[in-house]
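Structure first, commentary second.
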Amino acid sequence: MMGKVLGFAIGFWAGGWLGGLVGLYFGFLFDRRAAGKGPLNLRARLNPQAQAEAQQLFFDVTFEVMGHIAKADGQVSQAEIHIANLLMDRMQLHGEKRQRAQQAFSKGKVADYPLEQRVIEFRRSSHGQSRKLFLEIQLQSAFADGAVHDAERQVLYRVAKSLHIPQLIVDQLLKMVEASMHFQQQQAGGVAPGSNEPTLEGAYAMLGIESSATDKEVKTAYRKLMSEHHPDKLASQGVAEEAIKLATEQTQQIQQAYSKIKKQREK
């Protein structure tokens, strides 16, 4: 209510009745966010407890959905279990936190797991950037055995729909995540031993652009990805602290991909 009053007063003072109506509208939006009716509402930003709850929800639903995707093609493979454990290692999960992640993974494997309900619950406590990171983690999980099967792809599309993310974006992210995972294999010595840089083709894929992109488009894509994966920004948007470690890894990969492209273009 206070937002509408202030918005109208400021708008009326600045632009008469028309300005007052515009101010009233923006005040209405402010009140909705403050009341917890908008994504990443002000209450979650200002209330440490609400933010902690949002981070815990991110954590739980992340591993639940991973378990559901792993079970999508009928059975959970050793590769999928390995990816889940590897993710827990990268997030530095130990003791009770690791046990909670494993329990969440098992919860997601049950046949009647309420996928849409849980993802929507997560969406309502999150923001655009944290939703995208959440989806990126699920895409990595789906690539556990080297390919995304049809059943897994359909689950990913359902997840994206519940997050209000278009299917076209999912397909683009699949290419980016595939390039990112290939790069991780290079670092681990699984591909092209001795190389710790992405291939040029992989570098473009990691930035989500074509090799025909202009220098300006390359820089824009790089800056956008760096902003989306910035740890401070993600922390303010309800991303679990452990998941932010993954985002930090991704920023390093993005930087290396950008550097690879720049070096090639400077020749």
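Numbers here mean position along the shown chain, with the first residue as 1.
From the backbone N, Cα and C atoms, a Cβ is placed for every residue, glycine too.
Features reported for this protein in TrEMBL:
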| type | residues | note |
| --- | --- | --- |
| DOMAIN | 202-267 | domain 'J' |
| TOPO_DOM | 1-4 | topological domain 'Periplasmic' |
| TOPO_DOM | 29-267 | topological domain 'Cytoplasmic' |
| TRANSMEM | 6-30 | transmembrane segment |
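Mean pLDDT across the topological domain 'Cytoplasmic' (29-267) comes to 80 in this model. For the domain 'J' (202-267), residue counts in helix, strand and coil come to 50 helix, 0 strand, 16 coil, using DSSP.
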